[in-house]
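For E111, the entry in TrEMBL reads active site, nucleophile. What TrEMBL records for E115 is active site, proton donor. For 32-225, the entry in TrEMBL reads domain 'GH16'. Residues annotated as N-linked glycosylation site in TrEMBL: N119. Annotation source TrEMBL lists signal peptide at 1-31.
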Amino acid sequence: MAPALPCRPKLRLLCVGVALAFLLGVDVGRADIYKDIQIIWSADHTYYFMDGDSEALALSLDFNRGSAFKSNDMYLFARIDLDIKLVEGNSAGTVCTVYTISEGPWDIHDEIDLEFLGNSTGEPYTLHTNVFAYGVGGREQQFKLWFDPSAEYHTYSIVWNPRRITIEVDGVTIRSFDNNEEQGVPFPSWQQQRVYGSLWNADDWATQGGRVKTDWSLAPFVSYYRNYNITYCRPSPGVSWCGAEPAGSPHFNLSPKARADLQWVRNMGYVIYDYCTDMSNRYTATSRPKECSLPPRP
């Protein structure tokens, strides 16, 4: 596992630049869905449009191909917020995503995934989440949402700092993955990542384990993105950048609201799969990943 260094040599210039931006009061947080992303699959299957006062992007999927975008910039510790309106009606077989991924060697890549797995009309979407660190994934948690995500836009957020990764839905924290590198658990702590979004077909596994296939007579399928915003991680006062935050600092502690949110989603039954508790198909008491037996960090 790569050591957890606050600023690796090849990233030293980046670290200095971010620190200088904070010291000078430069706004390093804004992004624009039209100016700050590029289409990487099927430009003829996408279009920008004004949705009220917001610039929005539509991705579409038909039998021949899907579509996708990526951010122009890469980030090391940031908050990513994006409004998404998912495919309406029978979305079985489709997968709509927003995720971050590093661009170095694949066997040590980092990745933070949100994948919305479509379903038959009237059946709920599944929000599938995963974290890869230093090439190690398999940290899936799945959720059902407490609303219809195809009826209107909702805000989905990835909050990535040196202490943890949290995932939020409309400001409600649904997942937290702690940095336990000192315990030998890989964590994305040194590779920059780029933001991606896509709409593609995965009817071999996406809906009810692949039992329900995409109905291509309903194509094209369309999902919508707007209010793309990136906020660089901000350290506590007097600290040069987030990677230099002292180990004992409470700056990245979970708020009481976030802790209450995490308990609420479990109490309400919105967590429908957790790799740490899969003791029937995947793990035994002695083979679970190490982080599953560690206490949550503050």
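For all residues, glycine too, the Cβ spot is worked out from N, Cα and C.
Caution: TrEMBL annotation is automatic and unverified by curators.
Location within the structure of each feature annotated in TrEMBL.
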residue	record	contacts (Cβ under 8 Å, 6+ apart)
E111	active site, nucleophile	Y99, T100, I101, S102, N130, V131, F132, G137, P188, Q193
E115	active site, proton donor	V95, C96, T97, Y99, L127, H128, T129, N130
N119	N-linked glycosylation site	S91, A92, Y125, T126, T207, Q208, V212
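Summed and averaged per residue, pLDDT over the domain 'GH16' (32-225) gives 96.
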